[in-house]
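Annotated features, as they stand in Swiss-Prot:
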BINDING   Cys12, Cys96, Cys197  [4Fe-4S] cluster binding site
BINDING   His41, His74, His124, Ser225, Ser226, Asn227, Ser269  isopentenyl diphosphate binding site
BINDING   His41, His74, His124, Ser225, Ser226, Asn227, Ser269  dimethylallyl diphosphate binding site
BINDING   His41, His74, His124, Thr167, Ser225, Ser226, Asn227, Ser269  (2E)-4-hydroxy-3-methylbut-2-enyl diphosphate binding site
ACT_SITE  Glu126  active site, proton donor
Amino acid sequence: MQILLANPRGFCAGVDRAISIVENALAIYGAPIYVRHEVVHNRYVVDSLRERGAIFIEQISEVPDGAILIFSAHGVSQAVRNEAKSRDLTVFDATCPLVTKVHMEVARASRRGEESILIGHAGHPEVEGTMGQYSNPEGGMYLVESPDDVWKLTVKNEEKLSFMTQTTLSVDDTSDVIDALRKRFPKIVGPRKDDICYATTNRQEAVRALAEQAEVVLVVGSKNSSNSNRLAELAQRMGKSAFLIDDAKDIQEEWVKEVKCVGVTAGASAPDILVQNVVARLQQLGGGEAIPLEGREENIVFEVPKELRVDIREVD
């Protein structure tokens, strides 16, 4: 059985930065460190940080006075940010800079009195944070997930209308929704480049190339990871058997029985150690050496806050 690896796969710059912020805060300040929501959507990462003293909470009221609080990579609403400011807390922001870019787009629209439409998945923390940047009572902020949502939507003023997108969506699905928005509201204004981040786009391109060769595609990522789910869905749309797995233990032997080629990729919040474990398990099931496919090179780095720029080895 041939094993192919998608390229790129795994951690993106925003996830790297968010995890480093929590790790460095633990190294500098010691446990406990409070993190609002899972810092990234990966069970292995969250469990590892929890073992080292990170406490993951959903409400600011759960954080004691004087504590260290970190916002997750998904971002938070202005209401959450203001609540944290009103408390005696030291706050570090691990929001991905590409999510912050979308927040700024919404805030500008709010200041101008433009109504805004966000393309995204209801209930996702990134969507909640982005929707929460809009505060103009004279305007309006709306969420759509599909072209059907667009055709049902009524706004106050079609002349002053803009749209934004969640950063981890399906490129193909989002294109369909944007097309519907432009037909429904001809004067709508969008970002010069859509808000889907480079890592989401690159990993979807990579899984498309992977699925062209592999009979079965394994996507390493947690069930609550939006970008990981989109990778599995894309492979399935291409007619391949695709499975979203947290780790190697989730692999069922019948998935790869009599399969000649299996492909492996990982969502942007999944560490490479999990991919290595998946490859090792596939090799136990008869797989050969893992062959990485060619793909886009990624060299983007997002700096951590200057207060947390430390060599952890020196602290240890």
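Positions of Cβ are set from backbone N, Cα and C atoms, glycine also.
All features noted in Swiss-Prot, drawn onto the structure.
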| residue | record | Cβ within 10 Å |
| --- | --- | --- |
| His41 | isopentenyl diphosphate binding site | 29 |
| His74 | isopentenyl diphosphate binding site | 28 |
| Cys96 | [4Fe-4S] cluster binding site | 26 |
| His124 | isopentenyl diphosphate binding site | 17 |
| Glu126 | active site, proton donor | 26 |
| Thr167 | (2E)-4-hydroxy-3-methylbut-2-enyl diphosphate binding site | 28 |
| Cys197 | [4Fe-4S] cluster binding site | 26 |
| Ser226 | isopentenyl diphosphate binding site | 24 |
| Asn227 | isopentenyl diphosphate binding site | 26 |
| Ser269 | isopentenyl diphosphate binding site | 32 |
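Distance from the CA of Glu126 (active site, proton donor) to the CA of His41 (isopentenyl diphosphate binding site) is 11 Å. Cα spacing between Ser225 (isopentenyl diphosphate binding site) and Glu126 (active site, proton donor): 11 Å, rounded to the nearest whole number. In terms of Cα spacing, the recorded positions Cys12, Glu126, Cys197, Asn227, Ser269 that come within 10 Å of Thr167 ((2E)-4-hydroxy-3-methylbut-2-enyl diphosphate binding site) are Glu126, Cys197, Asn227. In the three-state DSSP reading, Ser226 (isopentenyl diphosphate binding site) counts as helix. Among the binding-site residues Cys12, His74, Cys197, the ones whose Cα sits within 10 Å of the Cα of the residue listed as 'active site, proton donor' are His74. Within the set His41, His74, His124, Ser225, Ser226, Asn227, Ser269 that the record links to isopentenyl diphosphate, no two Cα atoms are more than 15 Å apart, and one pair reaches that distance. Listed in sequence order, the residues Val40, Glu126, Thr168, Asn224, Ser228, Gly267, Ala268 complete the 8 Å Cβ shell around the isopentenyl diphosphate site centroid, once His41, His74, His124, Ser225, Ser226, Asn227, Ser269 themselves are left out. When the Cα atoms are compared, His74 (isopentenyl diphosphate binding site) and Cys12 ([4Fe-4S] cluster binding site) turn out to be 13 Å apart. Neighbouring residues of the recorded [4Fe-4S] cluster site, listed in sequence order and excluding Cys12, Cys96, Cys197, comprise Ala13, Gly14, Val15, Ala73, Pro97, Leu98, Val99, Thr167, Thr168, Tyr198, Ala199, Thr200, Ala268 (Cβ within 8 Å of the Cβ centroid).
When Cα-Cα distances from Cys96 ([4Fe-4S] cluster binding site) are compared across the binding-site residues His124, Ser226, Asn227, Ser269, the shortest belongs to Ser269.
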